[in-house]
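S.K.: From Swiss-Prot, for reference:
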TOPO_DOM  1-215  topological domain 'Cytoplasmic'
BINDING   Cys23, Cys26, Cys50, Cys53  Zn(2+) 1 binding site
ZN_FING   23-69  zinc finger
BINDING   Cys42, Cys45, Cys65, Cys68  Zn(2+) 2 binding site
REGION    76-98  region 'Disordered'
COMPBIAS  84-96  compositional bias 'Acidic residues'
TRANSMEM  216-236  transmembrane segment
TRANSMEM  240-260  transmembrane segment
TOPO_DOM  261-831  topological domain 'Cytoplasmic'
BINDING   Ser299, Lys305, Glu306, Asp335, Lys476  UDP-alpha-D-glucose binding site
ACT_SITE  Asp335  active site
COILED    389-416  coiled coil
BINDING   Lys477, Asp501  Mn(2+) binding site
ACT_SITE  Asp748  active site
TRANSMEM  832-852  transmembrane segment
TRANSMEM  858-878  transmembrane segment
TOPO_DOM  879-895  topological domain 'Cytoplasmic'
TRANSMEM  896-916  transmembrane segment
CARBOHYD  Asn921  N-linked glycosylation site
TRANSMEM  946-966  transmembrane segment
TOPO_DOM  967-977  topological domain 'Cytoplasmic'
TRANSMEM  978-998  transmembrane segment
TRANSMEM  1008-1028  transmembrane segment
TOPO_DOM  1029-1049  topological domain 'Cytoplasmic'
Amino acid sequence: MEPNTMASFDDEHRHSSFSAKICKVCGDEVKDDDNGQTFVACHVCVYPVCKPCYEYERSNGNKCCPQCNTLYKRHKGSPKIAGDEENNGPDDSDDELNIKYRQDGSSIHQNFAYGSENGDYNSKQQWRPNGRAFSSTGSVLGKDFEAERDGYTDAEWKERVDKWKARQEKRGLVTKGEQTNEDKEDDEEEYLDAEARQPLWRKVPISSSKISPYRIVIVLRLVILVFFFRFRILTPAKDAYPLWLISVICEIWFALSWILDQFPKWFPINRETYLDRLSMRFERDGEKNKLAPVDVFVSTVDPLKEPPIITANTILSILAVDYPVNKVSCYVSDDGASMLLFDTLSETSEFARRWVPFCKKYNVEPRAPEFYFSEKIDYLKDKVQTTFVKDRRAMKREYEEFKVRINALVAKAQKKPEEGWVMQDGTPWPGNNTRDHPGMIQVYLGKEGAFDIDGNELPRLVYVSREKRPGYAHHKKAGAMNAMVRVSAVLTNAPFMLNLDCDHYINNSKAIRESMCFLMDPQLGKKLCYVQFPQRFDGIDLNDRYANRNIVFFDINMRGLDGIQGPVYVGTGCVFNRPALYGYEPPVSEKRKKMTCDCWPSWICCCCGGGNRNHKSDSSKKKSGIKSLFSKLKKKTKKKSDDKTMSSYSRKRSSTEAIFDLEDIEEGLEGYDELEKSSLMSQKNFEKRFGMSPVFIASTLMENGGLPEATNTSSLIKEAIHVISCGYEEKTEWGKEIGWIYGSVTEDILTGFRMHCRGWKSVYCMPKRPAFKGSAPINLSDRLHQVLRWALGSVEIFFSRHCPLWYAWGGKLKILERLAYINTIVYPFTSIPLLAYCTIPAVCLLTGKFIIPTINNFASIWFLALFLSIIATAILELRWSGVSINDLWRNEQFWVIGGVSAHLFAVFQGLLKVLFGVDTNFTVTSKGASDEADEFGDLYLFKWTTLLIPPTTLIILNMVGVVAGVSDAINNGYGSWGPLFGKLFFAFWVIVHLYPFLKGLMGRQNRTPTIVVLWSILLASIFSLVWVRIDPFLPKQTGPLLKQCGVDC
């Protein structure tokens, strides 16, 4: 390449790459060098890196550019390192011997690590067994501490800074000697800057000593399965051909199901966050707090099944979260238009004025009072304030009084007056008819509401009940969530949204900060659609009889997905990036232009990359033209007197304002091609996509969220009521392309799937203290109905256009991520082969036949190898995940119980809905409040449901088969015990897996309920007829019949 061509290219690329002047490593501004020019670390790819990061990479890193891996050359003023060329510029070593750190942050720091978009930071760190990350020089990176020196005593702070200075002196980066007070303050500031520039999180891969054997065994198991099926297919049981054929089909299905479940767990990872660095980077003393605002959504439907006291505790934990109060807003969706919930929020907002300052003063955890006061721990541990005991007793008494008031509201709501509910001011309650009522919004607390008892502001609390009218589809929970998205966009428009169920309280007050470590990361955050937290539960029996904790899914499957494209969305405990829900695609990574080495001829450069230069240049010019168009539109404001807008809506320009005049956008599209027109969209396209609300459309164009300054919240209520009207979503893309996607009762799977198909990534965050905790149905019938609803949602997705088997192939969804989504929608269909396979042992015992013919010693090796590989896979999976063997076994048992009951019914209900349009009613899972008198009373409570029939039948059938098989062996001699062993083992395998179900039927009294006894008698009568037909007690005659022999003789 010719010199002048290279120079022009460098100038052009430098100008385009450094227009923002943001370091791609630490996110800070790239400052100018001594000559007043923008500092360029790498002259090959011009990857933007600031001087401190450049110097640290040369001294402590791999000395190469993070993007093109070109060896960094020494710049004037930078310290020399081993390997620098002698003729690399003027020698300024005299200036390097006495380097001092500057206030502007241009010095290097000890433990800095550069990051890439996948979170792999190239730092000299070692992973220790206790889970903390230590640098090679011994500084603790993972220890949580407050952002500034306020969290330390003077002695502790001085000791910490002295240690940091000693490390710097040891490396020769600072001079020794006496320092003034001003120098010491500079050192402290530099130390904070150095820590703040560290990455906010890091990826911790599973140790190779644990994951490598696991992967090897998976491959071996796959090979063994191939040989096993080769043997099974080539050696049929000729005397029991139908049984053999059914068993082989079932086994092949199980193998495919195992592949779909196993391979998405190929790349499991862990992640750890650094909350101290988040605070130091975005919460500096004397500066405005730069943490991003968050809108929290809480959804509820029926206050009788979802107790108001549980919902109130969830709201209180949100209001008391450890986050700036002016950056938190809580929206409660009441889809049942219940006056009970409305009154509960009024009482909750009043109690929050005392509860929130108590939590923050004494730093209590958890911040849901019901669960805080019921914890059986030493609550005085680590408490040093002398007033704590007195204040705690007073707060507990106030909470008990608050609880009594809520109970009084619940008791009053049990009997509805004939004329309907009446509000305190005497006006009728608008939601007396739950299926025909207007939209309702009530704002509590916040900047314009009541302050706490200390005079401090509280987070905003908003009650939302969307409009419902006959003839309009409301789309259940998905429709309620979309309504909250629009209301929050009009009132607060936070860039991030936390979704919680009404029974999931915040157990870790720093949970939102944990998610911000990912979402506010300068590299990864732009491409994240959500941060998913695991679900943890209270009130589950120690044995976890029905696998309510779902540990295998949350601690194994989800961590495996985190290493691919991210975990699936599970419906609660998830922090969303608002643009991802609006249907936008993630930003595309900047790719450097390809260049050839100087040793190649120039014509090769032209052939390889030169021809695209003009095209790229034209594209960049048009992009800059588009940006200039937007920049001009940002400066324009226009007042409209349209009835749909608010008369008092302020359009003052601010740093966060990006309100566009949609008519100007349409006029400004002249001269651009169709692709660019579609990217900007005209006013009609905006309205078709988002609906007829100029205020909401304007909010979608604000890159960093927020509202214009001096906006009156009360004046926005009218527009908020408009966006939750029942007809707002008609002829829009809500529920189809944007927001929560409609079409299934498990809207969470569909919503996460669509975002991943667009190329978004997600992150799985597992803090040491669980972020959220909820309640789970420990009763057998309730648990089966919950699993039925999940399975029915998967079946609905399977028969929809969004089925992962055929949707969005060739898109941005990774293949292993697609396998995981396929597994989530096909698993209910496993119930059919599972039911058949669990029936085969009893049939074999009753008929005396078996699915496997007599085999030799060589053939038995494949059976033995298969069993050993299954056991080895389970053991190695437990080894890297930390899951207990009891959790794994309970998961296996409930896989069979749910498979032959709830999943089976879900398949037939789904088929009825698709083929005949028979819709099933959505049943809300009951969230019972805790009862100290009987903590696990629901565990032994029996509730009859048709879901209990198939498992009960299987248990009785296999028990009868065992009795018949043993009787047959005794009657025909002990020579039959050999073949009988395989049949008995098969039958006991079924019975052992169904044992928790059997205990659930017995209840507390260890006796079977009457209705189950009646069903058992009926089934026993049927099997008795079969028994008589088989006649197992009579000896089997192998010779000629006596009657026929007498005739012949």
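Heads up, the Cβ atoms here are built off N, Cα and C, so glycines get one too.
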S.K.: How many whole Å apart are the CA atoms of Cys23 (Zn(2+) 1 binding site) and Cys45 (Zn(2+) 2 binding site)?
M.R.: 14
S.K.: Test of understanding: applying the rule of at least three C-beta pairs under 8 Å (pairs 6 or more apart in sequence), is the transmembrane segment (216-236) touching the transmembrane segment (858-878)?
M.R.: yes
S.K.: Reported as an integer number of Å, what is the Cα distance between Cys68 (Zn(2+) 2 binding site) and Cys50 (Zn(2+) 1 binding site)?
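M.R.: Cys50 (Zn(2+) 1 binding site) has its Cα 16 Å from the Cα of Cys68 (Zn(2+) 2 binding site).
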S.K.: With UDP-alpha-D-glucose as the bound species and Ser299, Lys305, Glu306, Asp335, Lys476 as its recorded binding residues, calculate the greatest Cα-Cα distance and give it in Å as a whole number.
M.R.: 16
S.K.: Asp335 (UDP-alpha-D-glucose binding site): which of the recorded positions Cys42, Cys45, Cys50, Cys65, Asp748 have a C-alpha within 10 angstroms of it?
M.R.: none
S.K.: Consider the binding-site residues Ser299, Lys476, Lys477, Asp501 and say which one has the Cα lying nearest the Cα of Cys65 (Zn(2+) 2 binding site).
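M.R.: Ranked by Cα distance from Cys65 (Zn(2+) 2 binding site), first place goes to Asp501.
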S.K.: Given the recorded positions Cys26, Cys45, Cys53, Asp748, find the one whose Cα is closest in space to the Cα of Asp501 (Mn(2+) binding site).
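M.R.: Considering only the listed recorded positions, the nearest one is Asp748.
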S.K.: For the binding-site residues Lys476, Lys477, work out the Cβ neighbour count at 10 Å and name the residue with the minimum.
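M.R.: Fewest other Cβ atoms within 10 Å, among the binding-site residues Lys476, Lys477, is found for Lys476.
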S.K.: Taking the transmembrane segment (832-852) as reference, which of 216-236, 896-916, 946-966, 978-998 has the most Cβ pairs under 8 angstroms?
M.R.: 946-966
S.K.: If you run the three-state DSSP split on Cys23 (Zn(2+) 1 binding site), which class comes out?
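M.R.: Assignment for Cys23 (Zn(2+) 1 binding site) reads coil.
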S.K.: Quick check on the topological domain 'Cytoplasmic' (879-895): DSSP residue counts for helix, strand, coil, in that order please.
M.R.: 14 helix, 0 strand, 3 coil
S.K.: Is it the case that the transmembrane segment (896-916) and the transmembrane segment (216-236) touch, counting contact as three or more CB pairs under 8 Å in which the residues of each pair are 6 or more positions apart?
M.R.: no
S.K.: On a C-alpha basis, identify the one among Cys53, Ser299, Asp748 that is nearest to Cys45 (Zn(2+) 2 binding site); the candidates are the recorded positions.
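M.R.: For Cys45 (Zn(2+) 2 binding site), the spatially nearest of the recorded positions is Cys53.
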S.K.: Against which stretches of its own chain does the topological domain 'Cytoplasmic' (879-895) lie, if we need a Cβ under 8 Å and a gap of at least six residues from its ends?
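M.R.: Same-chain contacts beyond the flanks: 206-207, 210-211, 214, 268, 543-547, 549-553, 555-556, 559, 992-996.
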